[in-house]
Amino acid sequence: MVEAVSIDILSLLLVLSVAWVFGAFAERLGYPTMMGELFAGIAFGPALLGLLRPSELLSVLAELGVFLLMVYVGMEVDLRELFELGPQSLLIAFGAFVIPFGLGYAAGVWLGVSVGAALFLGLAMAATSLATKSRILADLDLLDTRIANVLLGGALASDVGVLIAFAGVNSYVTAGTLDPTEIGWILLQAIGFFAVTLVIGYRFLPIAWRYIERQRERYGFVDRTTAFTFALLVSLLFAQLATLADLHMIIGGFMAGMFLRQADVEPGLYEHMHTVMYDLAMGLFAPVFFVTVGFQITFDVFSDSLGVLATLVVIAFLGKIIGSWLFSLPTSLSSREGLVVGFGMNGRGTVEIIIARVALEARIIDQSMFSILVFIAVFTTALVPVTVTWGVRLLEARDELVYLDSATPVED
């Protein structure tokens, strides 16, 4: 028993070490740390060197990583900001979801995969990453431009839309039937889950926070650590409610994160809670998750399915561009601005890989399709800094790069 635990601890030590080194290297190159951690898993895992192997401990930590990542993603979503998004961002978010999803589903049908696999392929292509875009726009000093405002708003709405769609697709695929009664029951459960979480999030959570703060003021025994523990309990409660409704736990984690952000919490407490959640998710659990995802990658796709991989990468890349550009035409954005927004919407990452992992574990897709979906995320995200930089230079040359302080008001 002692020997087994020691081996697991050594494995964890090595996984975190290579994740840290490769993540830092990726960050220095201007890419998300997630990409470095993923490559660490590929390089040191069974696919290449074979120095690191999956273990029970790593599997448990990876599952926790998925959950905490989605709680953190939810905490990055400001519902008030989402409701205040202008028509430009919402329209582009719709286009950036519908077109890639439709193309992905059609590609799945063309490949002859199951309906469930085709739906997950569409979802993976429709997914985007708010964090990836924020980092790239900051590096290019574009955060105060109109395209950045539209791009980040569109990414925020798209993230929420993809996860809501994921809840529906996952429930349908789990049922495995088109029976109207079964579909109706699934829909009723999903509606019930969202209704209960809305009541808890808007009614009971603020009351609970105020009670905690009163106890802190009166007796001084409620510290910041207690507040974080309470936030974790709320997240676990929402995850359990999701599973009871036959939804995946990540939907519960995401909803919990959103409501934790909206709760009327004393700023110091919330800042501490947010920081600890970020450090815990991104410093321990997320690296383990992405490295173990790398363990599951197979390079057989380059020899057996290279044509399919290349085709799907092109479809995913062009789908985001076409969807964003097409739905930007009715807005006040110029055609070239819409094109650059389409380039930026291609940044994928955490959400797509989590969706692919869920589909793999449910045996909806096989190892080969999982590898293809991960490589799609890697390749399309790698192109974002290059294409956005080129697009911004084009806008500057045409004097079409609009800064917020000089932008004309947008009419609804």
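Quick reminder: no glycine exception, Cβ is built from N, Cα and C everywhere.
Nobody curates TrEMBL annotations by hand; they come from automatic prediction.
According to TrEMBL:
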- 6-26: transmembrane segment (TRANSMEM)
- 19-390: domain 'Cation/H+ exchanger transmembrane' (DOMAIN)
- 33-51: transmembrane segment (TRANSMEM)
- 57-75: transmembrane segment (TRANSMEM)
- 82-103: transmembrane segment (TRANSMEM)
- 150-173: transmembrane segment (TRANSMEM)
- 185-205: transmembrane segment (TRANSMEM)
- 226-256: transmembrane segment (TRANSMEM)
- 276-299: transmembrane segment (TRANSMEM)
- 306-327: transmembrane segment (TRANSMEM)
- 339-360: transmembrane segment (TRANSMEM)
- 372-392: transmembrane segment (TRANSMEM)
Stretch contact, the transmembrane segment (6-26) with the transmembrane segment (276-299), Cβ-Cβ under 8 Å, 3+ pairs: yes
Ranked first among 33-51, 150-173, 226-256, 276-299 for CB pairs under 8 angstroms with the transmembrane segment (185-205): 226-256
Interface check, the transmembrane segment (33-51) with the transmembrane segment (226-256), three or more C-beta pairs under 8 A: no
